[in-house]
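Taken from TrEMBL, the feature Zn(2+) 1 binding site applies to A:493, A:496, A:533, A:536. Annotation comment: TrEMBL describes A:502, A:505, A:520, A:523 as Zn(2+) 2 binding site. Under the heading domain 'Helicase ATP-binding', TrEMBL lists A:267-433.
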DNA sequence: AGCACGCCGACT
DNA sequence: GTCGGCGTGCTC
């Protein structure tokens, strides 16, 4: 028998191995196969893609499988097809897609260790150096550790020579990958034992089986347990480890009754097993709808996936889930250890958890009896993977819904233009909740033209300051939203116009007053602080506003207020965020100055005022998605205020007539999307086309090749190609293409491989350079 | 992606 | 002869 396996390599080919029959388990599609690979036959983990009885054609040696460690497949049939889809649409190999989804703990690798011997032949200086390095460790040292200390690529060649000269010996060990194991203790039979043993035996008799670590926690020493085991009264077994306990939450709230409007959405969701887009005004109870839907699906014996953006696994959401599901759910996100992720993966596979709440990577969990997928805040950019394969979890969820015939509910107050368009075309079923479920009126929003404001204190308009004072003086809290960290982001010489740019990225750096340095926000590089122009010696001017400067100026204006900054510099973890939220809830903060992370998800019950300082900035980098980002950011920010108390918002802008700002402030949902769509259509931008960014690496000596490639790309049918844009590193060029269909992607790949250039394709990009 | 191999130029 | 720096080509 033969198996074809997909390895985690950027090549299309599958690799064939011979099955000997000595493997732990029989070959089956979706199981792992541990196979020798490459000239050194290093063991690697592959996924079995097909099993056949006849050998493949072609002239190559067929090696034997080392082992098949899984009693059952780790990938379900549909998951396999989903991975195939991801590899096709995002231009990766099947193996890369499968291994992106599979938790790292399942990967078995060979670990090579080196021990020193007495050299039989004279060594060269370099070999001598390596030999003494190896000898300096008391036990055999791993090659991967050695590689970090010694020159990367040349290490293997030297190691080989050391082995040839008898100066070193290699031994390989298999790092066991697989389900994390945990020891459990089981009651077997009654018998004679001491008092402590008696106590333990009774406990086990009552419970049948308990985790070993619980027993040691309750004060039973290893000795007692071992004694009982020796007598054959108890048995120690290994089980796949428990789920990590969900983090503690706020007190759960009772379930709420749905309104007529909400119920209608719920009914429709279970009638039409396709894709639904749920939108609505803030506080219209969208979350309640999908939580009830999840509850219903679980009650009828199905499992449910709820996908949330990276920063949305908030205590708020957790407490609401707990009020409906208790602790019978699991979390799945990048913050878990590989073993924890593997554990959730297996529970999903066996159908042991009815509900999993997770980030984008959870879209490919092997759910048993999947009955519903929910994707909350569907416009959120964190659904886009930034590593190969660069998949978009929303697109993958749509595909999964089609493959498994399971309803998918996309949820957002500010849907992506893409989803709005597809709903408009009838591909998605559109639902809109027009009314608030609370008695609290929507916040009053006012737009201030910063150009016309004469009575400005720095960046603060008179209207904003008086509203801010009113809010704080009447015991409320205020949130000032500015989408920039740091102090100032424009550093310019007033004499010669010289600006300080990042050496790697070419973009202006930001002055961080507290950290006493300049930081490039694109790549994170830090630069030494200077105050005089390096060209002419003039004193540099620091203009533009960031959270640091706003906080400082506000403190000068209101020295008695408690003002806190909420951005990636001050809040790095959930813990930091929760601490700050707690302070705010306890009323120990008057004003929060924050970036978009302060606006996301967190509920501040006492928030009565919101100020957006410079709405124009919310477009972000200058590309076709700017208006969409600005609209979404403004609506979301306004949505923070007036949830629990009547609120007020002031939006400041230099161009208040810019349509995303105007329509966000006035709440003209459809008008915004229709206008945005008209521009997208005019310039053939997504969603009218499929966008992709191609980065090609062209050596400086072969610039003509780039021209030829560009010309060839333009000749391909039904698409638009932008001019290659050189990236700051000098040899990579970025090309943005608008495709009429994804069937053109293979053609583009063909073309690129014909030109023999190294390249990277990002389909459905969220940022274009 | 690794990794080997081969070719080159630099330095003893 | 040794060393290090790339470009190239392959992996069942």
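Note: Cβ is positioned from N, Cα and C throughout, glycine not excepted.
What TrEMBL annotates, mapped onto the structure for a quick look.
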residue	record	Cβ contacts under 8 Å, 6 or more apart
A:493	Zn(2+) 1 binding site	A:499, A:533, A:535, A:536, A:538, A:540, A:541
A:496	Zn(2+) 1 binding site	A:533, A:535, A:536, A:538
A:502	Zn(2+) 2 binding site	A:508, A:509, A:520, A:522, A:523, A:525, A:527
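Within 10 Å of the C-beta atom of residue A:533 (Zn(2+) 1 binding site) sit 21 other C-beta atoms, taking all shown protein chains into account. With every protein chain in view, the residue among the binding-site residues A:520, A:523, A:536 whose Cβ has the most Cβ partners within 10 Å turns out to be A:520. Summary of the Zn(2+) 1 site environment: with the site residues A:493, A:496, A:533, A:536 set aside, the chain residues having Cβ atoms within 8 Å of the Cβ mean position are A:494, A:495, A:497, A:498, A:534, A:535, A:537, A:538, A:540. Mapped onto three states, the DSSP output places residue A:496 (Zn(2+) 1 binding site) in coil. Secondary structure at residue A:502 (Zn(2+) 2 binding site), as computed by DSSP, is coil.
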